[in-house]
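Going by TrEMBL, these are the annotated features:
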type	residues	note
DOMAIN	44-129	domain 'Ig-like'
DOMAIN	134-223	domain 'Ig-like'
DOMAIN	240-323	domain 'Ig-like'
DOMAIN	328-412	domain 'Ig-like'
DOMAIN	418-505	domain 'Ig-like'
DOMAIN	510-604	domain 'Ig-like'
DOMAIN	611-709	domain 'Fibronectin type-III'
DOMAIN	714-811	domain 'Fibronectin type-III'
DOMAIN	816-911	domain 'Fibronectin type-III'
DOMAIN	916-1007	domain 'Fibronectin type-III'
REGION	894-919	region 'Disordered'
SIGNAL	1-29	signal peptide
Amino acid sequence: MGTTPRTKPHLLLLLLTMVLISTPAWSLAQVTSATFGPVFEDQPLGLLFPEESTEEQVTLACRARASPPATYRWKMNGTEMKLEPDSRHQLVGGNLVIINPTKAQDAGVYQCLASNPVGTVVSREAVLRFGFLQEFSKEERDPVKAHEGWGVMLPCNPPAHYPGLSYRWLLNEFPNFIPTDGRHFVSQTTGNLYIARTNASDLGNYSCLATSHMDFSTKSVFSKFAQLNLAAEDPRLFAPSIKARFPAETYALVGQQVTLECFAFGNPVPMIKWRKVDGSLSPQWATAEPTLQIPSVSFEDEGTYECEAENSKGRDTVQGRIIVQAQPEWLKVISDTEADIGANLRWGCAAAGKPRPTVRWLRNGEPLASQNRVEVLAGDLRFSKLSLEDSGMYQCVAENKHGTIYASAELAVQALAPDFRQNPVRRLIPAARGGEISIACQPRAAPKATVLWSKGTEILVNSSRVTVTPGGTLIIRNISRSDEGKYTCFAENFMGKANSTGVLSVRDATKITLAPSSADINLGDNLTLQCHASHDPTMDLTFTWTLDDFPINFDKPGGHYRRASVKETVGDLMILNAQLRHGGKYTCMAQTVVDSASKEATVLVRGPPGPPGGVVVRDISDTTVQLSWSRGFDNHSPIAKYTLQARTPPAGKWKQVRTNPANIEGNAETAQVLGLTPWMDYEFRVLASNILGTGEPSGPSSRIRTKEAVPSVAPSGLSGGGGAPGELIVNWTPMSREYQNGDGFGYLLSFRRQGSSGWQTARVPGADAQYFVYSNESIQPYTPFEVKIRSYNQRGDGPESLTAIVYSAEEEPRVAPAKVWAKGVSSSEMNVTWEPVQQDVNGILLGYEIRYWKAGDKEAAADRVRTAGLETVACVTSLQPNTKYHVTVRAYNRAGTGPASPSTNATTMKPPPRRPPSNISWTFSSSSLTIQWDPVVALRNESAVTGYKMLYQNDLHPTPTLHLTSKNWIEIPTLEDIGHALVQIRTTGPGGDGIPAEVHIVRNGGTSMMVENAAGCPAPHPNTIFSHSVVMFIFIGYLEL
C-alpha cells in the first residue's frame, strides 16, 4: 500500500467549507468482478501412441475457465503451431487433435496457451511418444549345451522396442510356460532365462515371449526355438555363483515401483536372502525370492542392498545402491492478488524435489526477468511502485530433470478514488458515558487515502481524549454528554475524494450491582453464581459467562450449565452435578451494544484424586517387582492411599495385587508388588484415593516379564489307556502359560508295572504335549501301571503329582458267547439270547455285538447291533417279514470284538393282514354299546388273525381304553349321557398288529345303527375332535402293552 501524505493547509480550508455529502468514486482501471484471467480446468497429458495402432487421431486436452472466455494456441517443442483449417492439426474447443499421427512429424513436447484480455497462461508440458515392438530375428538359434547338474542361461535377445517389455518362456509348445520357481528365473530386465541347476526334465526347445503394454494396445512376439541339450550328469556340488545381478546404482522416483533381480547357479539350488546393508529391511519387503520389489519407494528406502545366494557349498553376494529422487512438488504457491497502484508487492513460491528444482517466472506466457521496477530472485518476485501495466497472469515454474510444475495467479493493479458505498461510517454510534468508542473510517481507495475527522465544522486533532490512528480510526475516551453530535470522515487521494458522516449518541454506563462470590464445593454438588446489573433503559442487556476465558455453552445437550433467571437484569448461573473440570475462574459479563461490565469469581471443586503419572517398574524378580510413580492432582482433597493393579496383556483384566507395605499411604511414591507368577508378562497401574473416593487409574506401565523359576505346580488330569497291543498310553492336562514359570517347558513322566520296584522315565518336551506312548512288545494286555508326572523348564524340575493307575492297551476278548438262541417274534422283530462270557485279563468287557444277515447273503453284509451293557438278551428290530436270518454274537471291549459264536437261525413271522376290519356297526342300549364288524381272513402270505384290538374313547373320558377280543364283536358298558365316541379296531396275531379302521359313533336319541368308514365320516362333535397323530400315538402305546 502507498504511504499517507501529510495534509496541506489549503486542503483543510477546503474540507471545512465542503457540503457533507459523499462524492461518487471513479477508477482508471474498470475491472468488473465477473472478469478474471484463464484458470486451467483440463491440461494435456503425456501419451504413448502405438505405431501400429488403427486409431486415426490423437487428442491432447486443454480447457480453461475465464471471463471473457479464453482463446487457445499450442506450442510444439517450444515453437507456436500454425493450426490451418485443412491441416492434420485441428483445434477443437481448446483441444489439439492430430489426425493420422506419425512419429517423424508428431513426436515431441506440446503445451497449450490460454488467453483473454486479462492475460495468458501456459499449460504443463505433455510428451507425445510413439511405441513399437518389432519381430524377433528369423534366424535359427544356436543350441545351448551343458552337463546335467550345471546351471545354464538362455539369452532372449529381444527385438527393438519402446517402451520396456515383459518376458515369459515357452518349453516345446504353447502354452507350456516355464514356472517361476526356485530353480528357474526369467529376468524382466534382459528377458534371459536362468536355470540354477539343470535336470533331465529341462531337455527341450525354448522360445522367448516378449510383450509390450501400451496405452491403446498390447502386442506379443515369439522368438525362434533354441534347443537345450544336456550331457551326462555331473554329480559334483557347486557353490553359488550369481549370474543375474542388479546394477551398482538404481535410480527411482518417489512412489515408483523398484525391482532388484538376483539369481544364482549352484548345486544344490541356492537360497536367496536380501538385506539392507545400511539399515533394516522393512518386513513387508523381506523375501526369499529372486526379486526384491518395493511397490512405492520412499526416501526411507534409499540405501545399499545386498543379495546373498547360499547353499551347502558356500555363498556369493552382490550389492547395489537404490538412489531415490523426486519430481518437483509445491511447498508454497502464489495466489490471485489485488494490489493498489503505487504500492510494493512481493510474491514467493517454493518447491521441493531431488535434484533441487530451479524456479523461473512467466508473465502472460512469456519469460520474466529483472527489469526497472521488477526484481526476479529465484522463487521471489518483487514489484516496486506497481503500475496498471503490471496487471496480468503470472506463473511460477519449478523444474528438475524429472519434471516441471506450474503455479498460476492473476495480479490486478487497482487505481480507485475513495468510495464509502461499501463501508460507510455508522449512521448511529451509541456510546456509554465514561467509556471509550472507536469509529472506523475505511473507504475503498487505491492508493490509500489521507483521512481527516471533524465534529460539526471543527477539525479534530489528537489530544488526551481524542486520537486519530494512522489507519484513520477515531478514538474518543472518557465519553461525556458533550461529545454527542455529528462526526465526519474525509478521505482523499490523487484519484479523488469522499466523506461519510455518523451521529454519536451517549448512553448510561452498564454496572454490575451484585457480583458472583467464590465458592468451594464437592464433586457432584450444585451451585448458583449470582450476577445482577444495571444499564441504560434504552438498550438491551445480555449476560455471558466464561470459564477460564472460554465461553460457556448453555445449549449443549446434557450440559451442566443452566441460566437461573429470565429477568433482564439478572444473569445468575447454575452449575448442576459439578465435575472437576468445572473448577476455575468464572467471569460474568453484562453488556449492551455500547459497553460492558464484568466481575470474576473462583470455584473450587473437590473430588477424588487425578491419575498418578510416570509408573516405572524396576527390581524385577520371579514373583516381585518394585513400582514407583509420581503424584497426580489431589483435586483439593489430600490423597489417603494408593492401590496397585496388574494385568497380563493383551486381554487380561486388571486385578488388585498384594503389596509391601500392605497399605500404601498417600504420601508414598513407591511400593513392592508381591505374589506374581514367574515368567509372565505384566502391566501395572496405580489408583489414588481420598475421602471423596477413588480416582481414575494411571496409564499402564511398560510391559515387563518376571524372571523364570522352576515350576511350582504338578500337572493334573493324569489318566490313560487304550492304544495298540504292547502300548501304554498316558494322558494329562497340558499346563497353561501361567504355570510354566519359564522357557524350555516340558513334562517328566515316571511309570512302572504295579508291584515292581524300579521306575522308568520319559521326557516329553513342549507345553502343549498331552500324552505319551510307551511301546514294548513284552507288555501284557490290560496290565496296571503306576504313573506319576512332573513338569520342568530350563530352571529345573517342578513337584511330582500323586500316583495314578493306568492300564496298558487291551486286546479283543478271546472267548465267544455260548448257547445262542434266536426266534422271530413278529414280522419285523426277533429275540436273541446267549450265555454270558466271563471277564478275562485282556480288558474290561463292555457288552455284546449281534450280527445278523439274510439267508443267502454273505456274512460280510451283516447288520450289527450292540448292547449298551452286559445284558444277555436283545431284541432286533426293523427286519423283513417272513425272512430267514443267520445270527452270531460276539463279546467286545475297547480293543474290539472277540470271536463269533456258532451261528443260529431265526425266521420272522408273516406280516399281518393289510386290510382293516370293515362294515363296522354299533347299537346303543341303556347301559352298553355293542360294536361288530366283518371278520378279517388272512391271505396265504399273511399271518393268521388270532383276535382284535379296539381303542375306545368317549367325550366324558378323553383317556382312551384298550379292549381285546377273539370274536368279531364287543360289548362296552356306557352311560346314557354319552353322545359321541371314537373307536379304532385292528387285527392282531403272530405277525403283529394290522392296519386300524377308525369310526366316529354318535348317539341319535335312543337305539340307532350307523355304518361309517375311514374315508368319509360325519363331522364329530366339536368337543370331541381328536388329532389323528395323537390318537395314533396313544393307540400304538396301548398296542405295545
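Our numbering is plain: 1 for the first residue shown, then up by one each step along the chain.
Placement of Cβ uses the backbone N, Cα and C atoms for every residue, glycine included.
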Intrachain neighbours beyond the region 'Disordered' (894-919), with Cβ under 8 angstroms and 6 or more residues off its ends = 721-722, 725, 781, 809-818, 820-830, 832, 834, 837, 842-844, 846, 849, 851, 855, 879-888, 933-934, 936-939, 941-943, 945, 948, 968, 985-997, 1011, 1013-1014
Taking every residue in the domain 'Ig-like' (240-323), what is their average pLDDT?
-> 91
Helix, strand, coil: count each for the residues of the domain 'Fibronectin type-III' (916-1007), based on DSSP.
-> 0 helix, 50 strand, 42 coil
With DSSP helix as H/G/I and strand as E/B, how many residues of the domain 'Fibronectin type-III' (714-811) fall in helix, strand and coil?
-> 3 helix, 50 strand, 45 coil
May I have the DSSP-based helix, strand and coil counts for the residues of the domain 'Ig-like' (44-129)?
-> 4 helix, 47 strand, 35 coil
